[in-house]
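**Student:** Have a look at the structure that comes next, please.
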């Protein structure tokens, strides 16, 4: 491969795959907000697992 | 199970309305972040990532294309994805329901998006069926030495559509029809099983498998003779291309079509997330995964093309490097020339089936959700009714000897006019006309870890609509001046422009009946934001 094409491939990999890794790491570090305002509570029946086993 | 407006329950939970929820069924939900992310990736990563991106990049500056591509990802792809997420998550419904909650008459925009999904689903299923057939053919390398003749002759039995020959026949081809029926049965089974047990489970299984299978294929391709030449062709930058506006439009088009945005899918999927859920964090993972897969596909496809070019003593430009012909003609030829070709052929077509099937599931979930919500139908009734209706249309139109031509035409018009127009309508009506941008941004920022700045208004209010309006106008002018693929103009009037007209007709017709589901709804978090001190004083209960 030419130096130019290697460079462009490397730049694309670093930005795109790097962006993917950074976004995954950031999400794992803080998956959800812990300072949500009150409300917005989903009804317990909305959990499919609970419904199916709730006899 | 009858459809129930879950927002009524949420509103009751915060004391805003009172409802009797003893008989109502719950809204379905993804079980968590991983299920949602994999499902959204499954939708975004489709056939276009494998057969469209590499060719578009090569034709538009090679390595230099990465510059407009990345700019487009950051200024259009991710912002529109966030717009879809915000609409679906805040207004908690499929496309018609979500838009209706922005403004009543905008329900028609939701049905416009549903109609796009209807038209795409009927032909997309056929492509998945072809890929499934070729997966089976791979084991015996059944296409022999002439993959082109095998694909159009033996497999599709394509009628000669030149001159006065028939443009539309009902001569069915068993080799296409049988797998197509099986694809419809499979996709209806997945959808009927529900969001968690069907959609999420299918994606949790297929997406990791797809990544492993395609990853093996790419690594193998890298070690083929001539692979380096293929990569050189793909990544050697032509910097002069950056001064060409059409290259920038191609980059915005690629990002836009590849992310599955602006035609209801991401709105629908986001509506199945719990209210107290992070949206933008997973959104970034989905967007970068989609582009990451495209890049992987580009490397794999061009390595393989370099190999074939070296074997045949031609250049990559001489090969079919894009679209249906890349997948069903060029790749089988590559597989035939490769050591262990049957295995790698199975990996390639297996990957196509998985990528296509998970996207098809998401496309049809848009239709199913909209019908369930509007007409208060159970999931099973809506899915079976939809599957039967669209399955019959799909078989009638695309399992015949003229199926490929119809597919090619509908695909071109619905994508380049329908989806682009849909995105423009979203930006114009939601952002410009009804000024919902601040409310949607507040929603995203309240529930999410990644904060959306004011730059988002510039993207969804200016950059995206401007780029898309330019794309749309250019495309429409081209189609008026030059018949698509030199097809018969009368045929294009019905199959091409008729498909576009059908989007508008469907949008109006499905907006007319009254909603049969419950109406109570309160968006959460409240907007304008409620001051904590005010809330404590009891002004808001």
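Just so you know, glycine gets a Cβ as well, placed from its N, Cα and C.
TrEMBL labels come from automatic prediction, so no person has curated them.
The structure displayed is predicted, hence computed values, not measured ones.
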**Student:** With TrEMBL as the source, which of B:14-33, B:34-53 is set down as transmembrane segment?
**Tutor:** B:34-53
**Student:** Please identify the range among B:284-309, B:310-335 that TrEMBL labels transmembrane segment.
**Tutor:** B:284-309
**Student:** Verify whether three or more Cβ pairs under 8 angstroms connect the transmembrane segment (B:342-371) with the transmembrane segment (B:284-309), leaving out any pair fewer than 6 apart in sequence.
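**Tutor:** Answer no, regions not in contact.
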**Student:** Do any residues, 6 or more residues outside the transmembrane segment (B:109-137), come within under 8 Å Cβ-to-Cβ of it, and if so which ones?
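**Tutor:** Those are 47, 94-100, 143, 155-156, 175-176, 179-180, 182-184, 187, 262-265, 267, 324, 327-328, 332, 345-346, 349-350, 352-353, 356-357, 359-360, 363-364, 366-367, 370, 390-391, 393-394, 397-399, 403, 406-407, 410-411, 414-415, 418-419, 422, 425-426, 429, 499, 502-504, 506-511, in sequence order.
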**Student:** Would the transmembrane segment (B:34-53) and the transmembrane segment (B:342-371) count as touching if the test is at least 3 Cβ pairs under 8 Å, pairs 6 or more apart?
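**Tutor:** Yes, these stretches are in contact.
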**Student:** Out of B:203-223, B:247-272, B:413-434, B:455-477, B:489-512, what stretch is closest in contact terms to the transmembrane segment (B:342-371), meaning most Cβ pairs under 8 angstroms?
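**Tutor:** Answer is B:203-223, with the largest number of Cβ pairs below 8 Å.
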**Student:** Considering only Cβ pairs within less than 8 angstroms, which of the stretches B:65-88, B:203-223, B:383-407, B:413-434 has the most against the transmembrane segment (B:247-272)?
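**Tutor:** Ranking B:65-88, B:203-223, B:383-407, B:413-434 by Cβ pairs under 8 Å to the transmembrane segment (B:247-272) puts B:65-88 first.
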**Student:** With the transmembrane segment (B:455-477) as the reference, which stretch in B:65-88, B:172-196, B:489-512 has the largest tally of C-beta pairs below 8 Å?
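**Tutor:** If we count Cβ pairs closer than 8 Å to the transmembrane segment (B:455-477), B:65-88 scores highest.
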**Student:** Counting CB pairs under 8 Å, which listed stretch among B:65-88, B:172-196, B:413-434, B:489-512 touches the transmembrane segment (B:383-407) the most?
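**Tutor:** Against the transmembrane segment (B:383-407), the leading stretch is B:172-196.
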